[in-house]
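Asks: What TrEMBL records for this protein is below:
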{"type": "DOMAIN", "residues": "1-393", "note": "domain 'Major facilitator superfamily (MFS) profile'"}
{"type": "TRANSMEM", "residues": "12-34", "note": "transmembrane segment"}
{"type": "TRANSMEM", "residues": "40-60", "note": "transmembrane segment"}
{"type": "TRANSMEM", "residues": "72-91", "note": "transmembrane segment"}
{"type": "TRANSMEM", "residues": "103-124", "note": "transmembrane segment"}
{"type": "TRANSMEM", "residues": "136-156", "note": "transmembrane segment"}
{"type": "TRANSMEM", "residues": "213-233", "note": "transmembrane segment"}
{"type": "TRANSMEM", "residues": "245-267", "note": "transmembrane segment"}
{"type": "TRANSMEM", "residues": "279-298", "note": "transmembrane segment"}
{"type": "TRANSMEM", "residues": "304-327", "note": "transmembrane segment"}
{"type": "TRANSMEM", "residues": "339-363", "note": "transmembrane segment"}
{"type": "TRANSMEM", "residues": "369-389", "note": "transmembrane segment"}
Amino acid sequence: MARRGSERGLDWLNFFVADVQTGFGPFIAVYLAAQEWTEVQIGLALSVGTFAAMVSQVPAGALVDALPHKRLAALAALVSLALSALLLAAWPATLPVLLAEVLHGFASCVLAPAVAAISLMLVGRDGLGPRLGRNARYRALGNGLAAGLMGAVGTWVSGAAVFWLTAALTLPAMAALANMRAADLAPREAASQVAGEAPGLSGLRDLLRDRGVLVFAGCCALFALSNAAMLPLAGTQATARSGTIANLVIAACIVAPQLVVAALSPGIGRLAERHGRRLVLLLGLGALPVRGLLLAVVENPVGLVLVQALDGIGAAVFGVLIPLLAADLTRGTNRFNTCMGVFGLASGIGATFSTTVAGLLAAEFGASVAFAALAGAGLAAVALAWLAMPETTPFPQDAPDRHVDA
């Protein structure tokens, strides 16, 4: 029963973390535009945040590996996110906004691996797949509900109120974190510090020599290259075709995948444990080329929303597989969070190229060509996983080793 209380605390931590992160999404651009920022200034601010998140991925993961108490890392990240939101709400000038973006980027890179490490310490190696699926379900529910709530607050109260609300939502996240009993985490925390190697440059070099790490990082990069630009490009097309209901169509395109993630994630976690990681990875990647090709030809707003719902398949798969494969590939070491940072960096690089390349192709050749190119990147990801990704599911003889050093 005591463990169940800690697991429930982890559920709500994921829910409220997703609420908080939703506040740092497209609402920033809308808010800054209302503050009479130019498109160039807004683009610069968002680019600074993106760059800060990319360069922080691996160092933040290594930092979480080095800290013996992962809940403390998560708490510090939540405090930093609150400060970032308060800066945006109270002081929308250039320097404070840039500082808020950098703070948000680094804090997010600490929080994601910290939550994954807490999950691993709480349920152990054998229960990780279903636990990660449950995490993804609560994140999806939090994201969808927060998007609607913050949209209403931004519309009927003020743009700044979105960020006051974002800061306030860190408080229930901290309460959920406090609801997890130290006794449920202490045995694995202690084990990770005794059995694991110290993270550092040598550990990173070892990770980058591992075939599984490199291949899955390549899959992450190609997934992001294919996926990141699809919704923005579809949103542009919806705006041109849907007229007065464009905002409603875009909102539906955001919410529909979250419903799919919430529905599928627990089953994906169980499927990965029972039938292996490669099968689940191929299913998630296989949705990309299908979605890209359909977006190239679908013009009806309802059809657009239905096609965009396929994004939930890939989001659910990668939400579960990134920490699960990091755990598989770092068994017996203290590099779990550093490995997650490597995967996060690969995803960030792919996403950066995705929006740039898709924008250029759409401007030069039209949106259909851009969608086809994004579908091609998704097909390349499927080919890489099919041809090169090893199966990392632990064999039965590995069962006594119930946990990975977090």
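Cβ from N, Cα, C; glycine included.
Looking at the shown structure, what environment does each listed feature sit in?
Replies: Beyond its flanks by at least six residues, the transmembrane segment (40-60) meets 28-29, 32-33, 94, 97-98, 101-102, 104-106, 108-110, 113, 204, 337-338, 341-342, 344-345, 348-349, 352 of its own chain at Cβ-Cβ distances under 8 Å.
Tertiary neighbourhood of the transmembrane segment (72-91): same-chain residues 13, 17, 20-21, 23-24, 28, 31, 63-64, 97, 99-101, 103-104, 106-108, 110-111, 114-115, 118, 160-164, 166-167, 170, 173-174, 177, selected by CB-CB distance under 8 Å and a gap of 6+ residues from either end.
For the transmembrane segment (103-124), the list of distant contacts is 3, 6-7, 10, 13-14, 17, 21, 24, 49-53, 56-57, 59-61, 63-64, 70-71, 73-74, 76-78, 80-81, 83-84, 87, 130-132, 135, 180, 184-185, 188-189, 192, 323, 326-327, 336-337, 340-341, 344, 402-404, 406: same-chain residues at least six beyond its ends, Cβ to Cβ under 8 Å.
Counting same-chain residues at least six beyond the ends of the transmembrane segment (213-233), those with a Cβ under 8 angstroms from any Cβ of the stretch are 207, 253-254, 281, 284-285, 288-289, 291-292, 295, 308, 311, 314, 318, 322, 325, 329, 339, 342-351, 353-355, 357-359, 362, 367, 370-371, 374-378, 380-381, 384-385, 388-390.
Under 8 Å from some Cβ of the transmembrane segment (245-267) lie the Cβ atoms of residues 130, 132-137, 139-141, 143-144, 147-148, 151, 231, 234-235, 238-239, 301, 304-306, 308-313, 315-316, 319-320, all in the same chain and six or more residues away from its ends.
Sequence-remote contacts of a segment are chain residues at least 6 beyond its ends whose Cβ falls under 8 Å from one of its Cβ atoms, and for the transmembrane segment (279-298) they are 216, 219, 223, 226-227, 230, 233-234, 268, 271-272, 304, 307-308, 310-311, 313-314, 316-318, 320-321, 367-369, 371-372, 374-379, 381-382, 385-386, 389.
If you look at the transmembrane segment (304-327), the same-chain residues 6 or more away from its ends with a CB under 8 A from one of its CBs are 113, 116, 119-120, 125, 128-129, 132-133, 135-136, 139-140, 212, 216, 220, 223, 227, 230-231, 234, 237-238, 249, 252-253, 256-261, 263-265, 268-269, 272, 277, 280-281, 283-285, 287-288, 290-291, 294-295, 298, 336-337, 339-340, 343-344, 392, 404.
Taking Cβ pairs closer than 8 Å, the transmembrane segment (369-389) reaches residues 211-212, 215-216, 218-219, 222-223, 225-227, 229-230, 233, 278, 281-282, 285-286, 288-293, 295-296, 354, 357-359, 361-362 in its own chain, all 6 or more past its ends.
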